[in-house]
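This report refers to the structure that appears directly beneath it.
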Amino acid sequence: MTFKNKLKFYVITDRKYSCEVYSVEQALKGGATAVQLRMKSSNTREMVEVGQKIRKLTLEYDALFFVNDRLDIAQAVKSDGIHVGIDDISISKIKEIAPELIIGASAYNINEMKIAESEGADYLGVGSVYPTNTKLDARYLGLNGLKELSNCSNLPVVAIGGINHENVKEVLMCGVSGVAVVSAIVGANDIIFSAKKMNEIIKKYI
């Protein structure tokens with residue numbers, strides 16, 4: 001499976017819903033092809049310990065593993081890549097320090113997309129497509145905005161924000177390479193079942 005193909009079903013952790021290691025293992029069993037560790041309020045030691053366990057799982061299931069924001073953690077756990085926002089460490093600095101890492105960059109508009117592309121990002125996380133409870137300060141993009149950025153970008157686009165089983169079909173029809181999901185998967189009562197159901201829908205369009 002190519003790098004781009006592995007972006008199609010991208011699951012992001014959230015402790016508010018479930019333990020990171022447990023939710024990742026369940027999501028991978030259900031067909032997730034990429035995982036991002038996001039632990040905003042945890043200390044470095046805990047992030048490394050959790051990250052190392054997730055690294056083993058993603059290798060076992062041949063899935064991509066990204067760390068949110070923290071370059072030091074990404075290097076410590078030997079993740080495949082890192083995902084950064086517009087206000088985080090610059091892409092150019094990451095490439096200077098850790099050229100081996102795949103770099104994902106968040107983008108809300110064409111200007112942010114062009115900055116990420118020019119600095120050398122490998123894929124874009126575009127959104128928030130819909131209102132979302134996992135990031136209350138997220139800017140709302142909508143399907144038209146997603147479609148515009150997807151059509152303009154030279155990079156693989158992963159849609160994010162409020163995506164669930166009911167609306168994922170219309171998101172996938174916007175020309176994206178994948179979808180990033182949080183609560184619809186890690187917040188589900190049965191994560192494996194929820195992931196399998198999502199994966200079945202994604203496979204019809206990507």
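We number each residue from 1, going along the chain as drawn.
Positions of Cβ are set from backbone N, Cα and C atoms, glycine also.
What Swiss-Prot lists as 4-amino-2-methyl-5-(diphosphooxymethyl)pyrimidine binding site is Gln36, Leu37, Arg38, Met39, Lys40, Asn68, Ser106, Lys135, and the listing cites sequence analysis. Taken from Swiss-Prot, the feature Mg(2+) binding site applies to Asp69, Asp88.
Known features from Swiss-Prot, placed on the structure.
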{"residue": "Gln36", "record": "4-amino-2-methyl-5-(diphosphooxymethyl)pyrimidine binding site", "Cβ within 10 Å": "25"}
{"residue": "Leu37", "record": "4-amino-2-methyl-5-(diphosphooxymethyl)pyrimidine binding site", "Cβ within 10 Å": "28"}
{"residue": "Arg38", "record": "4-amino-2-methyl-5-(diphosphooxymethyl)pyrimidine binding site", "Cβ within 10 Å": "21"}
{"residue": "Met39", "record": "4-amino-2-methyl-5-(diphosphooxymethyl)pyrimidine binding site", "Cβ within 10 Å": "20"}
{"residue": "Lys40", "record": "4-amino-2-methyl-5-(diphosphooxymethyl)pyrimidine binding site", "Cβ within 10 Å": "10"}
{"residue": "Asn68", "record": "4-amino-2-methyl-5-(diphosphooxymethyl)pyrimidine binding site", "Cβ within 10 Å": "21"}
{"residue": "Asp69", "record": "Mg(2+) binding site", "Cβ within 10 Å": "18"}
{"residue": "Asp88", "record": "Mg(2+) binding site", "Cβ within 10 Å": "17"}
{"residue": "Ser106", "record": "4-amino-2-methyl-5-(diphosphooxymethyl)pyrimidine binding site", "Cβ within 10 Å": "23"}
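DSSP assigns Asn68 (4-amino-2-methyl-5-(diphosphooxymethyl)pyrimidine binding site) to a strand in the three-state reduction. The binding-site residues close to Asp69 (Mg(2+) binding site), defined as a CA atom within 10 A of its CA, are Arg38, Lys40 out of Arg38, Lys40, Ser106. Separation of the C-alpha atoms of Ser106 (4-amino-2-methyl-5-(diphosphooxymethyl)pyrimidine binding site) and Asp88 (Mg(2+) binding site): 10 Å, rounded to the nearest whole number.
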